[in-house]
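Asks: The structure under discussion is supplied below as structure tokens; questions concerning it will follow.
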Amino acid sequence: MAIVSSKQSPQPDGSKKPSQAKSVKKSVEHSKPQQTDALLQPEAVQEEFVGKQDDKLRPQRFDEYIGQRELKEVLDIAIQATKSRQEALDHLLLYGPPGLGKTTISLILAAELGVNCKVTSAPALERPRDIVGLLVNLQPRDILFIDEIHRLSRMTEELLYPAMEDFRLDITIGKGQSARIRSLPLKPFTLVGATTRVGALTSPLRDRFGFVQRLRFYEADELGQIVLRTADILKAKITSDAAEEVARRSRGTPRIANRLLKRVRDYAEVKHSGEITQTIAQEALELFNVDPCGLDWTDRRLLTVMIEQYNGGPVGVDTLAAATGEDSQTIEEVYEPYLMQIGYLNRTPRGRVATPAAWTHLGYQPPDEQMRLLS
């Protein structure tokens, strides 16, 4: 059971036309650059602490936390009210794409409240006794953070129901006619759950959270501030223009922004004098196959397959997965959210559709039928 305590320290040629789709089918069948996928997939790095440097990159207080203004305001009010009443904070469910700071927020909450935060994930809670061991060892008003909470087993989830509502554990002792239920009192605590699939949670579990908050993608100016802050911590020299360049290609995700910054820093130190300018940032990101819109090879491949093989769509996600060799769940959870956010992909009742902006970005001329479909 993995537990961490907070106290422990190829783009298509622009000359191609839709009518040439079949003849250029092979353009999307090249070998897949592995480095790019690792750079731009938010879940490529685990949320748990992996080193002192990664720990330093996390803001420790909300006044250091950049972005998510509305969420911070809601939580600040809750923190002040909770501290004045000397109560445990209401249970909190955070949902949204990976890499937006759900674990960081739980650690900040613990710091603001002056309590401990135990960090774990649902897959690590394989047996009921795992969650029981965590709950009985929590101190008053402590925070228990469970990542990927939608993956809890049924038995573990049912143990949480009375724990969340009444701060007690109902444990069945014995079997058959001799079985009896024993209730163990728990100290008041706060459960913070994180998920990328809020719809996968059962209603009984979801309804027991006092707060249900969504984390949104970050704006480019917010990511620019994050890049500058990270560069300062890493003692990397970077210009504001270079920070903006990294931010624009970070898919609205701080984790990706920090990862790209580290790779650009490596490039600047090896190929240049060490200072990161906008030109050097552009060179490095082009080397890593990250285009100015933040699309990597796989993003462009998905869109290219839709355009070349299905005339832009509509096409079902399972069909698209089979045509590209990607997993349908990965397409839905990793690639689609950002493509939809920047307006390159639409979900319709008939399937996925590449928008005119996607056609233009990849160097194609959108057909009239595709324009009418989206009108």
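Glycine too: its Cβ is placed from the backbone N, Cα and C atoms.
According to Swiss-Prot, the protein carries these features:
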type	residues	note
REGION	1-44	region 'Disordered'
COMPBIAS	1-22	compositional bias 'Polar residues'
REGION	13-218	region 'Large ATPase domain (RuvB-L)'
BINDING	LEU57, ARG58, GLY99, LYS102, THR103, THR104, GLU165, ASP166, PHE167, ARG208, TYR218, ARG255	ATP binding site
BINDING	THR103	Mg(2+) binding site
REGION	219-289	region 'Small ATPAse domain (RuvB-S)'
REGION	292-375	region 'Head domain (RuvB-H)'
BINDING	ARG347, ARG352	DNA binding site
Asks: Within a 10 Å radius around the Cβ, which one of these binding-site residues has the most neighbouring Cβ atoms: PHE167, TYR218?
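Replies: Within the set of binding-site residues, the most crowded position is TYR218.
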Asks: Can you check what DSSP calls LEU57 (ATP binding site), collapsed to helix, strand or coil?
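Replies: DSSP call for LEU57 (ATP binding site): helix.
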Asks: Validating a neighbour-count step here. Other CB atoms within 10 A of the CB of GLY99 (ATP binding site): how many?
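Replies: Neighbour count, Cβ to Cβ under the 10 Å cut-off: 26.
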Asks: What are the non-local neighbours of LEU57 (ATP binding site), defined as same-chain residues 6+ apart in sequence with CB under 8 A from its CB?
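Replies: Sequence-distant Cβ neighbours: THR230, ILE233, ASN258.
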Asks: Spatially speaking, which of the binding-site residues GLY99, GLU165, PHE167 is closest to ARG352 (DNA binding site)? Use C-alpha to C-alpha, please.
Replies: GLY99
Asks: Can you give the mean pLDDT for the region 'Large ATPase domain (RuvB-L)' (13-218), rounded to a whole number?
Replies: 80
Asks: Where does GLY99 (ATP binding site) sit in the DSSP three-state scheme?
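Replies: Where GLY99 (ATP binding site) sits, the three-state DSSP reduction gives coil.
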Asks: For GLU165 (ATP binding site), just count the other CB atoms lying within 10 A of its CB, please.
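Replies: Within a 10 Å radius of the Cβ of GLU165 (ATP binding site) lie 10 other Cβ atoms.
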Asks: List nothing but the one residue from ARG347, ARG352 whose Cβ has the fewest other Cβ atoms within 10 Å; the candidates are the binding-site residues.
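Replies: Each of the binding-site residues ARG347, ARG352 was scored; lowest Cβ tally within 10 Å is ARG347.
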Asks: Do me a favour and check the Cα-Cα span between TYR218 (ATP binding site) and ARG347 (DNA binding site); whole Å is fine.
Replies: 22
Asks: Pairwise over LEU57, ARG58, GLY99, LYS102, THR103, THR104, GLU165, ASP166, PHE167, ARG208, TYR218, ARG255, annotated as binding ATP, what's the top Cα to Cα distance to the nearest Å?
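Replies: About 37 Å separates the two most distant Cα atoms.
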Asks: Whole-number Å only: compute the distance from the Cα of GLU165 (ATP binding site) to the Cα of ARG347 (DNA binding site).
Replies: 38
